[in-house]
Structures are given as structure tokens and as C-alpha cells.
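Feature list (source: Swiss-Prot):
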type: BINDING; residues: N50, Q138, R144, N174, K246, E274, N277; note: (E)-cinnamate binding site
Amino acid sequence: YIAGLLTGRPNSKAVGPSGVVLTAKQAFELANINSEFYELQPKEGLALVNGTAVGSGMASIVLFDANILAVLSEVLSAIFAEVMQGKPEFTDHLTHKLKHHPGQIEAAAIMEHILDGSSYMKDAKKLHEIDPLQKPKQDRYALRTSPQWLGPLIEVIRFSTKSIEREINSVNDNPLIDVSRNKALHGGNFQGTPIGVSMDNTRLALASIGKLMFAQFSELVNDFYNNGLPSNLTASRNPSLDYGFKGAEIAMASYCSELQYLANPVTSHVQSAEQHNQDVNSLDLISARKTNESIEILKLMSSTFLMGLCQAIDLRHLEENLKSSVKNTVSQVSKRTLTTGGNGELHPSRFCEKDLLKVVDREYVFSYIDDPYSGTYPLMQKLRQVLVDHALINAENEKDVNTSIFQKIATFEEELKTILPKEVESTRAAYESGKAAIPNKIKECRSYPLYKFVREELGTGLLTGEKVKSPGEEFDKLFTAICQGKIIDPLLECLGEWNGAPLPIC
């Protein structure tokens, strides 16, 4: 087709940018090529139709995207660790140095760089120190072993890139003319096996990257695993009316299945052709085309996952503001109702405040915040339990109405019931209007350029069931931006200070 078009064959057709079918003459005019149609010199026609130019050209485009998506997967794994309150030791230089694999060392170093100094990781460390038993000692595999998982895939993509780089700079026509020896060498440099094999390997690597993203995304939306984030990352006041990212997770499962299907090799399906002259042939263009399909699906997965991470970042911001509001309210109410008795004397219940605030610190905000005073939710149950425990310790004093902590429980709960819902709603309203008392921690992190790109440049926002916008509309904005290459600059900005080496072992 390309050779026919270049030589101006009247029956050759091209498709223009708008989808209109063009003749060769119209295509030349549209491309502003003012010269006549090409007159092919000896061997040039064969080079066009029988060489590896088209396959290697497609492979070059595919591998450019594959390299970008590989780096993006490393950075997204680091952001995943941030929002999941993971333990940063999984990136420790020594662990990966002892394994020797260069791809793994590189992946860990990139994640280590992103997480170094992260406000989220500092907060997570404090959380683990306060209550070491609040979450498992070790993070799950999708987080903890992400450098080991991505490492070999990076090496495969890099090897494939080098292979195609050699191919596009090589001679692949036939025969080759050795002028010095006056020989025509009938060889087979047109055989595109390096392309076919490289594309098969790349496609397998892309499928594995997609599988990791799906595993991480599934953890992110599951409130049994995500360390306090709401189920499906719902952000509405009433989570019962908000499906959140449930549809996105179903889509991710579908993407992952198709990506894994495409990982099947093409080069194992070679058929003999041309009366057994071409009894082996590379199928390089087929493999490159299928890898291009895989690239598109992985872009869909990457955009969905990054939108989920941005949602989680915003929910952590909301969580921090809501927790602060609840904590201040509980503190104020306990001071007013538990400090003194009816006659102004100091009351034994004044010692409860510290333990009451510990409950607020340890309880996941989104487990109760849609109805903070509900007796069926853990906050009120555990606050009451603190007062009951102190009352039991109070022993003999409980017999005196003036020193009884049991007598204070109803007063404390009634005042909290009056004030807490109003304070929570006020905090949420301030957050939604962009006037949150506590700023978003992401601005202090190296992953901020990606978040800023998604939220500010693309104009996306926190997804809630209260809005008319569907999640798919927001995902499409990011997917389109990734396809247009707009994500490259913010991605590289995240790594702008990285010198290509792991942090020193201290």
C-alpha cells in the first residue's frame, strides 16, 4: 500500500486525518509534498514491501509508549504506597542491591526517591509507632514487592527497545551488493524475527504491569485493606447512595483480562507461505499491531488507576480535616461536661479526656462520619466504653452522685450529639469550597506534579454520587491526555531531582 501510494498508482488509496479516503495525488497535496511521485530505483520497491521498515516503525512507536508507561507504573506504585500508609522500607537500597537485578534496583530507587521526605510516609510512620498492631507488620505483595515485580519487566522493555534501535539502524534489503568483491549476497536480513520476538516479549511485560495495577487498584478500593479509606473510595455524605469507583474496578478487571489475552505470543503461530519459499516468517507487523493494542489498554488502566489515586489523595485530605474537627469537638465537650461536678468541684471524669482522644485518633474516620453520633457506629460505642471503663475503676466514688462517672455519660453524649454533626458538616462544607483548615499534604510531596496535572490542568475533581458527572467522563479526560503525550512532562517533573542512583545506605 505504501509503495503503491508513493509511486502514484491510480488505484492506491490513503485515509486522511479526518477519515476521508484520498487518492495518491490528494494525499501528496495534503502532506504538502510538491515533488512528483517517486520513481523507485533498483531494490527500493523490494525494500519497501519486503523489508522490516513497517514492522520496525510500528515497534518504535509502541516502545516509546511502553517505556513511558513503565516509568509511570513505578511512580504510581510509589503514590499507592503514600495513600495506603505503607511502610517505606520496601524500597530500601540494601534489599535490592542484594538481589542484583538492575531493573529491580532501578524501580526501587525511583520509588525511594518519590517517597523520600513524603509527608504521607512521615504520618504513616507516626501511626505505626502509636499502634503497631493497627495494621499488619508487612504490607501486601502488590505494594511490598512492586520493585521485584516491575524490575524484570523494565529489563524486557529495555532489551526490546535496544533490539528495535539496532533494527532501524540496520541494513535489511536483499540481495546485498558487495562492490569490493563484486558479489551479490542473497541473504535474509529482511526476516523480522527480532521485531516479532521483541514485540511478543513487550506485550507480555505490559500484561504483567497491568496485572500489578489491577492488584493495587483492588486493594485501594477495598476498605478491608486500604487503611481507613471508604469502600470504593466513595466521597458522598451518604455512602449508601454512592457507588464510587465500583464501576471502575469492574472495568479494570475487564481491561486486565483483555490485556492478558493479548499477551499470548504471535510468533508461535507462523505458517509456511509462498509454496514453502517463506516456510518461516516473523509475523513482526502482526506482533507490533497487537502490542499497540496492549498499549492502548494499559493506558486505559493507567488513567483509571491514577484517577483512583487522586481520589484517595483527596479523601486523605478530607479525612485529616474531619478527624481534626471530631477531635476538637470531643475535647471541648469533655472539658465542658467532664471537668467539674455540679458544685464546681473537680470531677474524677476529667481524666477521661486523654483516652477519649485516643479513640478518635485510632478509629477510621470514614467508618462513622456519615452519621457520627450513631450508636451503631464504632465512634460512639468506643467513647462510651472509655467512660464505662473509667467508671469501673472509680469504684467506691460511683456510689456518690457527685463523683459518679456513670452519671456524666448521658450529659457528655447529649452535648456531643448536639454539636458534633454541625461541626462535621461545617468542616465538609469548608473542604468542598476549597477553604479546608488543614492544607493538602500532597503539595509537600514529589508526586505532586502528577496530582496537579490531573486536578488543575485537566480540571477533574473529587468524584461523588452527588454530582451529575459520571466517573467515565473524568477518566476519559486523563486517558485522552495520556494518548496525547501530555503526561510525560509532569511524570518527569516528579523525577526531576533524581540523579539516577539509589539513596546511600545509612
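Positions of Cβ are set from backbone N, Cα and C atoms, glycine also.
All features noted in Swiss-Prot, drawn onto the structure.
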residue: N50; record: (E)-cinnamate binding site; Cβ within 10 Å: 14
residue: Q138; record: (E)-cinnamate binding site; Cβ within 10 Å: 11
residue: R144; record: (E)-cinnamate binding site; Cβ within 10 Å: 17
residue: N174; record: (E)-cinnamate binding site; Cβ within 10 Å: 18
residue: K246; record: (E)-cinnamate binding site; Cβ within 10 Å: 15
residue: E274; record: (E)-cinnamate binding site; Cβ within 10 Å: 8
residue: N277; record: (E)-cinnamate binding site; Cβ within 10 Å: 8
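The record assigns N50, Q138, R144, N174, K246, E274, N277 to the (E)-cinnamate binding site, and the maximum Cα to Cα distance across that set is 59 Å.
E274 ((E)-cinnamate binding site) falls outside any helix or strand according to DSSP and counts as coil.
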